[in-house]
């Protein structure tokens, strides 16, 4: 039952940056012993609010009230001292230090200028035990997994007696087992009476953990859902984007041209049996399968990231020899990879450079001088047409949201003569509004005659976007479904591993 007095309240919070109004009149309450989710599209204001709560930013208007007391934090240390801790997606730890040193960084127990390592390790051990973690406090942090790093970050918050702990996209780099462990810890923290704020784009996580959900849109408060029995996926999407869920995918029947891409008994590392399929001009074919099905491995082989070990790839009925990505690009086949940060973008380069990097070679002056005029025009054109939200073309792409990074990668390939596009998990870790924009780009490419082959583990997405669904299971094609006939039961039935007849 909800308490009558909130432990944390936001009262009329506004935040303005030069030329940008990031937050306007944000007001809502959070209660002790609850997980309160914050949802909204990228740019909705969630991260800005957390930075105000943590002392990174001062609000332009309004106030933060904690346990009935109006607070004003000059910096993050002041917020920590008031019991506020933020667990960011990019963890703020020191790899070369020990686990214990990271937990008590800034408050190491010492006497006469010498750190009391025995006491340090003992106290750190208590915090780790509290979280159910069997880790030697004297272990250098660099030897731990990302999931263990996160537990150290939480232990660091508990060591400062944090009563308010906010998690910002905490599962983005975790394995399934690490996610389960994180959820166990969050539920324990809730039982202890702490306020938990949880930011995620993943609906299944929100429904698994939350006692309340507050939705933001364009820097404004939309609604707080407090009865979790009465809220569903569709209601959340509508609150976030102002559209019904049926409008998100926007699929419509279309006509197709001649066969554009054909795989004839193709094998690649991670693909167990030869794969044969075809995609016509203007057709969108979705590859669906569970983890380990071989979708990404097939995509990498087709683009030359790994070597095709058998079979033949054809584009417009012509055999293509693909031994490296440049061969695929020259043939008109492009890839948006699954891990866009590691394999798609060049993080420390500008949006302009990331869009132009592939087609640049075709527009150099005199064979060696970069054509700045063409590059500026090309980047600006794709920023406008793809609605890439950036202060300008010279902004570092690492500072953009995942959805805008993905659109920049699409802009890169739109600068080429594209016949086939391979999309591997194109909307992973992207908010629902940006997903809608990505789908529209996919439809536009199909309308231009591009053959689209996209792999996704998001079954509703595959069913909602693809004209035809090819289901993979353990490195082989298990079946094929047409858009008008496909449903989740059929697709999952095909995707599930076969039970061995040898098992009793």
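A Cβ is built for glycine as well, from the same backbone N, Cα and C atoms used for every other residue.
Feature annotations, courtesy of Swiss-Prot:
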type    : residues                       : note
DOMAIN  : 8-243                          : domain 'ABC transporter 1'
BINDING : 40, 41, 42, 43, 44, 45, 46, 47 : ATP binding site
DOMAIN  : 256-499                        : domain 'ABC transporter 2'
Worksheet, complete the sentence: Cβ proximity for residue 43 (ATP binding site), under 8 A, sequence spacing 6+, ordered by residue number, returns 218, 219, 389, 401
Fill in: Nonlocal residues around residue 45 (ATP binding site), in sequence order (Cβ under 8 Å, 6 or more apart)
15, 22, 23, 26, 216, 218, 219, 220
Worksheet item: What is the Cβ neighbour count of residue 44 (ATP binding site) at a 10 Å cut-off, with all protein chains included?
Response: 24
Item to complete: State the count of C-beta atoms found within 10 angstroms of the C-beta of residue 41 (ATP binding site), not counting that atom itself.
Response: 24
Discussion item. Please compute the mean pLDDT of the model over the domain 'ABC transporter 1' (8-243).
Written reply: 89
